[in-house]
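Take a look at the structure below.
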Amino acid sequence: MNTLDIQRHIADRLAGRRRLLVAFSGGLDSTVLLHALVQLRASCLPHLRLRVVHVHHGLSHFADQWVDHCESVCYLWQVPLHVLHVQVDTQRNSVEAAARDARYQAIAELIDSRETLLTAQHLDDQCETFLLALKRGSGPTGLSAMAQSMPFFVCEQLRPLLDISREQLTAYAQVHDLSWVEDDSNADARFDRNFLRMRIVPLLRERWPHFSEAVARSASLCAEQEQLLDELLMESLQALMSEDDALSIDGLLPLSEAKRYALLRRWIACFGVMMPTREQLQRLWHEVALAREDAEPQLHLAKCQVRRFRRRLYLLPTLRSLRDEVLRWDPHQPLTLPDGLGELQMGSRGVCVRAPTPGEAVTIRFCAQGVLRIVGRRHSRAIKKIWQELHIPPWERERTPMLYYGESLIAALGVFVTQEGQAVAGATMWNIHWSKDWM
């Protein structure tokens, strides 16, 4: 594939997309991609609107020099450059994954909803990704490796070089006398991807010269099989999901294990969560779905958790405990609740309760215990039973503001008022409104 072939290949992959945000590290791959786009804009695609983004991770001593290089290149080629600085969580097991997450989150905040994000992964990257998935014991989803096109937050990510080898990109760069930076970490064989690129893939290609192309075909076939399964299982999945995206356990029970796990995977994929391992799926089913009826089981997946309530599975963000929070409140002023739960304020609407006596301190908490009687009920009940009878899921109980006067529970706002808090005719009453930013 010569220079013009590569440019034509990229033009074909663009397929009418005209507003592009190019991820530019300054390395060989993204340099070739950006150069080809600039050439296309100058020759046959004058309506291309290019922007470039470079992410400074702060992980290398050379990071500032890379920024300088990218600025010089973009100035020369007359494309606007945005440099984003991110903080990478170096305490995570994989610094590479942490850097990728931080990079994509920063780019997501920059990209315009009408733009397409272009990244420069190529054929050899695809081969390495496939082998890494194979090493992890992945199924067809993981072995599909990287897609040519995929959703990126509210936009789209396109990889137009995925069929082009590193060798072809190097030849292109040499023909056009391009300069690029070398990431010093790419020479560190302690990283799995580098180990594959430096030691394993060259050995495989020495024996089988077209090994990377064969791997790419296998990845493509796996992706086709997954797409077919998605289409075949979509109707079944929709039948099992409620309006709040919960998944019916009873609907999964009579199914074969293979179909049940396939549906669980696709349900999880609906939330954009990293695909669970087989062991995690087995734990989800046996430890959460099939836990004893009086249990409140949960399983953490990446930054989410799977919970069960009333014979349904729910996938939720991981929430910090608020059990120890005690917020003093002057009800004549709005109160901002923690964790984005909204705001409390007095007004003409909301929960109606008696006003406190002069000696009663007003606080907001997020837990309650013991036995109490709520307005509208004749008998006292354990609060856990009350929650269950009102069909309030455990995770919502833990994030419902509880109004206390002294040590007396007055109301679970938006849910119930206790006998202690009942407004009596002729007495001073308060209306407390909870403006929710969640649920």
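Placed from the backbone N, Cα and C atoms, the Cβ positions cover glycine too.
Going by Swiss-Prot, these are the annotated features:
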- S25, G26, G27, L28, D29, S30: ATP binding site (BINDING)
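When Cβ atoms from all protein chains are considered, those within 10 Å of G27 (ATP binding site) total 16, not counting its own.
Annotation for S30 (ATP binding site): same-chain Cβ neighbours under 8 Å, separated by at least 6 residues, are V22, A23, F24, T119, A120.
Within 10 Å of the C-beta atom of D29 (ATP binding site) sit 23 other C-beta atoms, taking all shown protein chains into account. Using a 10 Å Cβ-Cβ cutoff, G26 (ATP binding site) registers 24 neighbours. Around L28 (ATP binding site), the C-beta neighbours below 8 angstroms that are at least 6 residues distant in the chain are R166, L169, T170, A173, W180. Sequence-distant neighbours of S25 (ATP binding site) (same chain, 6+ residues apart, CB-CB distance under 8 A): H54, V55, W66, C70, A120, V181, D183.
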